[in-house]
Amino acid sequence: MASWPPLELQSSNQSQLFPQNATACDNAPEAWDLLHRVLPTFIISICSFGLLGNLFVLLVFLLPRRRLNVAEIYLANLAASDLVFVLGLPFWAENIWNQFNWPFGALLCRGINGVIKANLFISIFLVVAISQDRYCLLVHPMASRRRQRRRQARVTCVLIWVVGGLLSIPTFLLRSIQAVPDLNITACILLLPHEAWHFARIVELNILAFLLPLAAIVFFNYHILASLRGREEVSRTRCGGRKDSKTTALILTLVVAFLVCWAPYHFFAFLEFLFQVQAIRGCFWEDFIDLGLQLANFLAFTNSSLNPVIYVFVGRLFRTKVWELYKQCTPKSLAPISSSHRKEIFQLFWRN
């Protein structure tokens with residue numbers, strides 16, 4: 001096949017790596033040319049927004065002199081995971097600009113792909129953990145103790161990072177630099193030692209990294225929404241009820257955005273597996289899967305830069321924390337500005 005997505009979808013067959021020259025099915029050369037021109041710029045844009053946005057989120061969470069609550073612990077870890085992920089994207093942008101001739105050596109070939117694979121697991125496991133915490137808080141509030149939940153959140157995040165790292169070890173070990181004489185390049189490819197690895201990889205990718213977490217996410221959030229609808233009055237009377245509702249709205253938005261960004265990737269990954277085992281055949285499916293994988297990969301990438309935008313526009317409490325951080329960092333010698341004076345300043349600023 002022709003797919004060349006960075007998220008470890010390559011076959012060990014070299015003839016499946018490059019769309020223009022390496023396959024008998026060449027029905028969409030214009031689409032591939034367009035993708036190769038557009039994708040590097042798109043990747044760099046995602047990297048820039050993701051780097052600045054997630055750094056900003058981490059600063060807002062970590063700079064204030066106070067302890068993080070449970071939701072903030074999970075969201076800070078999610079931002080850290082996204083930040084580590086986007087740091088690897090410029091290498092893939094350069095790889096595409098360089099016609100897939102990997103210029104960074106074998107160690108970075110393994111390391112960058114290992115980081116990308118680890119992020120895939122860490123991100124979705126964190127989303128599951130966030131949903132589970134909201135479920136316990138809203139559906140079983142009497143069983144949730146703040147101090148205990150905070151300790152559990154820290155331990156859970158450490159375990160998620162460790163498990164994500166362990167699950168990325170096969171990628172680190174099986175990625176390699178290999179010459180492709182027909183194209184006169186040296187490519188960073190995934191070398192699967194046996195055909196059985198294709199099945200093991202799709203089980204890991206589609207079931208462990210998506211379907212099982214998706215089932216847990218749907219279960220938790222279904223009961224969260226039912227609890228919010230059925231116990232609205234109770235939530236208002238509980239201490240912190242309004243705050244919990246705002247935090248839950250933010251988390252539900254993050255969950256939906258995550259699923260929208262990542263579901264197409266797993267759909268096309270499963271189609272690729274069906275093509276590899278010849279359950280589906282033909283040039284139409286090959287081109288459809290190859291192009292779909294490329295687009296789905298980079299739709300998934302956007303999630304890492306989309307989360308900070310969600311924090312700002314959906315997270316009302318997050319915006320409050322930004323304002324508190326601003327006041328904390330502003331010199332106390334500066335006199336506070338009255339609302340009327342502030343309005344005059346804004347009018348002068350926006351006046352042409």
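Just so it is clear, glycine is given a Cβ too, placed from its N, Cα and C backbone atoms.
Screening ASN13, ASN303 against Swiss-Prot annotations picks out ASN13 (annotated as N-linked glycosylation site). Within the set CYS47, CYS109, CYS261, CYS283, Swiss-Prot assigns CYS109 as the partner of CYS188, by disulphide bond.
Membrane topology from Swiss-Prot places ALA106 and THR320 on either side, one opposite the other. The recorded positions under consideration are CYS109, CYS188, CYS329. Their Cβ neighbour counts within 10 Å are lowest for CYS329. In the topological domain 'Cytoplasmic' (63-72), the DSSP tally of helix, strand and coil residues is 3 helix, 0 strand, 7 coil. For the topological domain 'Extracellular' (175-206), the number of residues in each DSSP class (helix H, G, I; strand E, B; coil) is 14 helix, 12 strand, 6 coil.
The DSSP breakdown of the topological domain 'Extracellular' (272-294) into helical (H, G, I), extended (E, B) and coil residues amounts to 17 helix, 0 strand, 6 coil. CYS329 (S-palmitoyl cysteine) sits 41 Å from CYS109 (disulfide bond), taking the CA atoms of both as reference points.
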